[in-house]
Every structure is written in C-alpha cells, then in structure tokens.
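Down below is the structure, laid out as structure tokens.
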Amino acid sequence: MASSPSMLPAFHAALDGDSTAEIDQRDMCRASFLFLAMGFGYLFPYWALAQPVDYWHLLFPSFNVEFSISCAYNIASTAALVGILCHGGKQRYTGRIVGGFVAQVVVLVVLPASYFVLPAPALLFQSAHLTMVLASTVVVAIAGSFLDSSVFALAALFPHGGAIANVQLGIGLSLLVTALYRDATKAFFADDMVVASTMLYFGAGAITVGGGIAAYFVLLRLPLTRACLKADAAQDTVHFSLLQKVLVNQLLVAASCLCTLLLWPGVVSAIPSYQFPHLNANGWWPLLLMTVYAASDVAGRVGVQHVRLGVTAATIWKLVLPRFLLVPLLVGAATGAIAHDAISIAGVVVLGVTHGYVGTLSVVVVNHIVDATEQSATGMLSVFFLNAGLVAGATLSLGLANVVGL
C-alpha cells in the first residue's frame, strides 16, 4: 500500500533526531513480519475457543455452545474497548501488549486443566463447565481488547501502511493454523479420544501465543520502531471531529464484521453433510468446514496486498453490502433447505474470502482519509467499530439460531 503523504513528514522529522537518516527497508521488512507474528498471536486464543467443535459437543451435547462463546467474547471485548476509549490518554504499549498476551496464555493452560478438576460433564454438572468456558472467554476477550487497541495503534504509526495489513494477515493466518492444529490433533488420536486431542490442541496454542510476546520485544529493538514511537508524541487521542470524519467508513467496517459473525462460527459449524453423513457422526464435517473457511479467509487477506480493484474509502460499500446475500444461502444449508455439500462448501469459501479481503480493505482505506496526527487514534476507532460489528453479529446470530432451530 502506498504511504499516506501526510504521514511521511512527521515520520522523517522523528528520524532527524535519530542516527538513521532515511527509512531502513530491512527494518520495515522485519517490522512487517513481527506485526504479522503479533497479529497471529493475539486472536489465536479466540480461534482456539471456536475451533474444537467436537470437544464442545462432548461437554454440552444438548446445545450448540459456539453461539454462546461467540456472543460472550464479543460483548466483553466491545465493553472493554469502550472503557479503553473513554479512559483516553496515551498508549502504554508494553503493559497492554505483554499483559494481554500473558493473560491469554494463562487461560489456554487453565481452561483445559479444568476438565480434570470440575465434576464429570454429566447433565447435572454442565453449568460448572459452561461457567468455566464462558469465564475464560471473557478473560480472553478483555485481554484481546487491550492487545487490539494497542497493536493497531502501534501499527498505524509505521510508514507505507504495511504494518496494518500484516496485522490483519496474521489474524487470518492464526485462524487457519488453529483449524489445522485441531484437524491434526484429532487425526493423531482415535475418534473416541476427543479429550486427549483437545488437551494437546490447547497446549500447542499456549506455546504459540507466547511467541507474540517475543515478537513484541524484538520489535522494540528496531531503530525504525524507536523513530515511530518518537513520532507518536504528536499523535492525537480520539476526539469528536475525528469520529465525524471517519464515521461512515467505520460503520462499513462494522457491517462487514456483523455479516461474518452472523454466520461464523455458529451457522457454519451447524451445516451438516448431506452426501457423506458418516462425517457428521465422527465430528469431521464441521471441522472441515471451519478449515475451509479459515483457508479462504487467509486467501482474501493475502489478496489485499496484491489486488485492490481500485477500491477507495468512497467505494468500499460496493463490496461490503453484497456479502449479506450469503445469509439466506448458508442458513438454508444449515437447515436443510439447500441440501448439497458443494453449495455448502462454495458458500463457506465465499464467506471466508470476502471476510478476509473486504474486512481488511475496509480497515486499510479508513487511514487514507485522515491526517498523520490522527493515524493512531483512527486505528483505535477501527478496532472499536470492528468489535462492535462482531458483537452485533454474534448477538443476532444467537437470535437467528433460536428462530431457525440451530
């Protein structure tokens, strides 16, 4: 992505006081990779909670807990972001980023361990396990909110816009890797060893998230990062005039996320196989659909870095609104009104590709209409509207599930 012309003077002014006279392209490449690693890490726990469909069905055979996890996560995340925005003030990057990652690692260790501590998940004790799962989801959400606001705000300070796109790519890759982790751990064990495969899955996830902490400290050591943090002294906090400037585009960011969470993970995981019913019985079909979605999402995010289709902040709506046509298609596949696996897979692919492409591009183009001193605050606003769309979609998804009987 071409850099914002208004951003470069402020950045070079910061560089004048440093030993480096011009942007070190090697540092920019390193920073882009490290932002990808941080984006990969900080949403990994949420994807980890969404992916083990067979384990949740073992714990909660009488209902689809994926809807509750999605709703709890997004409500807690948005509430935390509101608090962060209202508190205002300058970013404390290290405390928020490191603290957020540590909290998420702890959850990925404690949650699976609770299976062996709490009473057996019979119907009588489902509430204890449900409380643990939802409480863990809330902790992950709050930690993720601090990471969200700080990582995007920090990425917005870097020139050429590549940092934000790489954070988004890292998020998509983490979704794909969690899906592949779950497929691999399930394949490694027999079909009746769901608990053992899930323990391995969460353990691998905890190690992966810990890598985000290492990536952040390596990022801090780059001369380019030090220069960007000096420029951060001139950054504005969120104010009403900035909100007025970006409101329409931020609402489109929210709308794209709403459409996705209306269907994923709840509706997607509820779609049965019509041509291969044995894949429903052994729990493989929903895992395969989740993996297809994750791979498609990454393809869309990679596409943003190579093809923009001439989309601008003024025209992004032409890509956002047509996505809602996927709602009746995938709901029909989940309820049996559309009973063919090829249609189900095609719908999931389109949902994933468009979420990765349109969702990422809708965030990127917002930064094209603000000044250099508004970049960091715009990043925080984008995170807030993104999460507002997610919570709206997750909430509507719960209602949709009740209406259509999923």
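Cβ coordinates come from backbone N, Cα and C, glycine included.
Fair warning: this is a prediction, and the values are worked out from it, not measured in the lab.
Residues or ranges marked as transmembrane segment by TrEMBL: 28-47 (among others).
What TrEMBL records for 67-85 (among others) is transmembrane segment. Long-range Cβ contacts of the transmembrane segment (67-85) within its own chain (Cβ-Cβ under 8 Å, at least 6 residues beyond either end) map to 46, 49-50, 56, 130, 133-134, 137-138, 140-142, 144-146, 148-149, 238, 261, 265-266, 380-381, 383-384, 387-388, 390-391, 393-395, 397-398, 401, 406.
Same-chain residues lying 6+ beyond the ends of the transmembrane segment (97-118) with a Cβ under 8 Å from its Cβ atoms: 38, 41-42, 44-45, 48, 59, 125, 128-129, 132-133, 136, 139-140, 142-144, 146-147, 150-151, 154, 195, 198-199, 202-203, 205-206, 209-210, 212-213, 216. What TrEMBL lists as transmembrane segment is 97-118 (among others).
For 130-156 (among others), the entry in TrEMBL reads transmembrane segment.
Residues or ranges marked as transmembrane segment by TrEMBL: 163-181 (among others).
Only residues 6 or more beyond the boundaries of the transmembrane segment (201-220), in the same chain, are considered here, and those with a CB under 8 A from a CB of the stretch are 30-31, 34-35, 37-38, 40-42, 44-45, 48, 51-52, 94, 97-98, 101-102, 104-105, 108-109, 111-112, 177-178, 181-182, 185, 226. Here TrEMBL flags 201-220 (among others) as transmembrane segment.
Residues or ranges marked as transmembrane segment by TrEMBL: 251-271 (among others). Outside the transmembrane segment (251-271), and at least 6 residues removed from its termini, the chain residues within Cβ reach (under 8 Å) are 50, 53, 64, 66-67, 70, 74, 285-286, 289-290, 293, 316-317, 320-321, 323-324, 326-327, 330-331, 333-334, 344, 348, 351, 355, 358-359, 362-363, 366, 382, 385-394, 396-398, 400-401, 406.
When Cβ-Cβ distances below 8 Å are used as the criterion, the transmembrane segment (283-304) is approached by residues 47, 50-51, 53-54, 57, 165, 168-169, 171-173, 175-176, 178-180, 182-183, 186, 191, 194, 264-265, 268-273, 276, 344-345, 348-361, 364 of the same chain, each at least six residues removed from its ends. According to TrEMBL, the transmembrane segment annotation covers 283-304 (among others).
TrEMBL lists 316-339 (among others) with the feature transmembrane segment. Packing against the transmembrane segment (316-339) from elsewhere in the chain are residues 249, 252, 255-256, 259-260, 262-263, 267-268, 270-272, 274, 347-348, 350-351, 354-355, 357-358, 361-362, 365, 400, 404-406: each is 6 or more residues past its ends and has a CB under 8 Å from a CB in it.
Taken from TrEMBL, the feature transmembrane segment covers 345-370 (among others). Beyond the transmembrane segment (345-370), the same-chain residues lying 6 or more positions past its ends with a Cβ under 8 Å from any Cβ of the stretch are 1, 4, 156, 161, 164-165, 168-169, 172, 242, 245-246, 249-250, 252-253, 256-257, 259-260, 263-264, 268, 271, 289, 292-304, 308, 311-313, 316, 319-320, 323, 326, 329-330, 333, 378-379, 381-382, 386.
Taken from TrEMBL, the feature transmembrane segment covers 382-404 (among others).
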